[in-house]
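A short worksheet on the structure shown next.
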Ligand code: 13P
Ligand code: SF4
């Protein structure tokens, strides 16, 4: 973008942010933003975080309204954990393809075939799937959750890559669903090797939603928050980042003197980027779209999320 257009865009964003601050007060609202959101959304958020931290914040807030800037399953989890709050999202088309890769009929059939297994579900899933689940997890606590489960057999849905990573930390038999994240799964060994050759002093930090052979190359493997913390505390000055591009906002904020190279230009989740400041303003003005979860589904799904929040 040329200088004039950039300046105009910055001015427009300033005005939208002012309007958001005003509307937040009027509505007694808080904004929760995932680390994969656009920078300007992360700038106006009350809390930025990964899926786990944002679920915790939703469960704890005193606000009347939660504006969830992320993807649909995140807003749904917030509504399940805070049923008396109004949860709105900037754009209801912001879904998660991985969450859509598992369906209730398939999961029920698998449960029938393995009647002694407990179901552990990645939070990247629908409320209906969570309602068929014993305990949820996020990438931040998946290993702890698996180790906390009192069963020798586990049905794991929907992320096969995270499932493979977690299976290395347990002797339990894992029956793993074939889902994956379209964005993280795109990263190949070739991409990483090329980046490593270009930046020989950089460490490779990687999210476990990536393919197992890519995760294997990691100097550090962890959730979005864990990656941010690791890079902040590390003595290393340069990193190749194997997770979604939006994470760069917090990485650079926390460590302005360090250099971050994203492992490929394709590590962008288009669903996360559907949200923008204009839509945040609009949803606060209209209080639409709101997240609704049928009470009988929400009640069951809540149990699986609350069990996760209790795992220490
Ligand atoms: P975390 O927020 O747990 O790091 O998960 C990444 C992700 O893909 C969220 O959709
Ligand atoms: Fe879903 Fe992957 Fe996007 Fe996360 S990054 S919302 S898992 S598609």
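Placement of Cβ uses the backbone N, Cα and C atoms for every residue, glycine included.
Here is what TrEMBL says about this protein:
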BINDING   34, 51, 122, 123, 124, 139, 207, 208, 209, 224  iminosuccinate binding site
BINDING   96, 181, 269  [4Fe-4S] cluster binding site
COILED    6-33  coiled coil
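Feature map: TrEMBL annotations on the structure.
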residue: 34; record: iminosuccinate binding site; contacts (Cβ under 8 Å, 6+ apart): 48, 49, 50, 51, 54, 69, 70, 71, 74, 246, 272
residue: 96; record: [4Fe-4S] cluster binding site; contacts (Cβ under 8 Å, 6+ apart): 71, 72, 73, 124, 181, 271
residue: 122; record: iminosuccinate binding site; contacts (Cβ under 8 Å, 6+ apart): 98, 136, 137, 138, 139, 142, 156, 157, 158, 159, 162
residue: 207; record: iminosuccinate binding site; contacts (Cβ under 8 Å, 6+ apart): 139, 184, 221, 222, 223, 224, 227, 242, 243, 244
residue: 209; record: iminosuccinate binding site; contacts (Cβ under 8 Å, 6+ apart): 139, 159, 161, 162, 180, 181, 183, 184, 185, 243
residue: 269; record: [4Fe-4S] cluster binding site; contacts (Cβ under 8 Å, 6+ apart): 36, 71, 181, 182, 183, 244, 246
Residue 209 (iminosuccinate binding site), DSSP three-state class -> coil
Taking a cut-off of under 6 Å between Cβ and any atom of ligand 2, tell me which of the binding-site residues 34, 122, 124, 207, 269 pass. 124, 269
Between all pairs in 34, 51, 122, 123, 124, 139, 207, 208, 209, 224 (listed as iminosuccinate binders), what's the biggest Cα distance, rounded to the nearest Å? 17
C-beta crowding around residue 124 (iminosuccinate binding site), within 10 angstroms: 28
Name them in sequence order: residues not among 96, 181, 269 whose Cβ is within 8 Å of the mean position of the Cβ atoms defining the [4Fe-4S] cluster site. 71, 97, 98, 124, 182, 183, 184, 209, 244, 271, 272
What count of other C-beta atoms do you get within 10 angstroms of the C-beta of residue 181 ([4Fe-4S] cluster binding site), across all chains shown? 24
Confidence summary (mean pLDDT) of the coiled coil (6-33): 96
For residue 34 (iminosuccinate binding site), name the DSSP secondary structure in the helix/strand/coil scheme. strand
Reduced DSSP assignment, residue 181 ([4Fe-4S] cluster binding site): coil
